[in-house]
Amino acid sequence: MEQFHGTTILSVRRGNQVVIGGDGQVTLGNTVMKGNARKVRRLYKDKVIAGFAGGTADAFTLFERFEAKLEMHQGHLIRAAVELAKDWRTDRILRRLEAVLAVADSKASLIITGNGDVIEPEESLIAIGSGGPFAQAAARALMENTQLSAKEIVQKALTIAGDICIYTNNNLTIEELNDEGK
């Protein structure tokens, strides 16, 4: 059976603000199944934001597991991410899940993969999914050459990715946190 897939998730950290945004398109093979999916969410008392790329059902399973890890570790992002990655790598059922998570709190931004990787990216810029390279290129150019806010960079870069990538649309969901975690 074909997987639901294709998306773009972008996270930018600038100043005291971190933002994660994503498009709303869900694709099955060559067909757009839904155009307004929410692939970015607030977790753990609204102190963590997370987005996913990959299989939709798989990602929802991982969101639930990640939120449980956040609860278990009192919202400590890095510890929860490492514990989820351990489970993901070693659990026979979880290993089959095909998704990548981008997560952030007021202090750290991370990529969590099914290979058990927890990666803190350079320059706190995360771009995942089929439109990730387009969004990353646009965001880097905007970060280096403008004074735009993190939210404005995410909006503009995702719009550019949506104009280029056939698996990405311009129906955006954007969540932001400042240094107080709000």
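A Cβ is built for glycine as well, from the same backbone N, Cα and C atoms used for every other residue.
As given in Swiss-Prot:
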type: ACT_SITE; residues: Thr7; note: active site
type: BINDING; residues: Gly162, Cys165, Thr168; note: Na(+) binding site
Can you grab the distance from Gly162 (Na(+) binding site) over to the residue listed as 'active site'? Cα atoms, rounded to a whole Å.
9
Long-range neighbours only, meaning 6 or more apart in sequence with Cβ under 8 Å: which ones does Cys165 (Na(+) binding site) have?
Gly6, Thr8, Ser130, Gly131, Phe134
Structural state of Gly162 (Na(+) binding site), classified by DSSP into three states:
helix
Number of Cβ atoms other than its own within 10 Å, given for Gly162 (Na(+) binding site):
22
Round to a whole number and give the Cα-to-Cα distance in Å for the pair Thr168 (Na(+) binding site) and the residue listed as 'active site'.
5
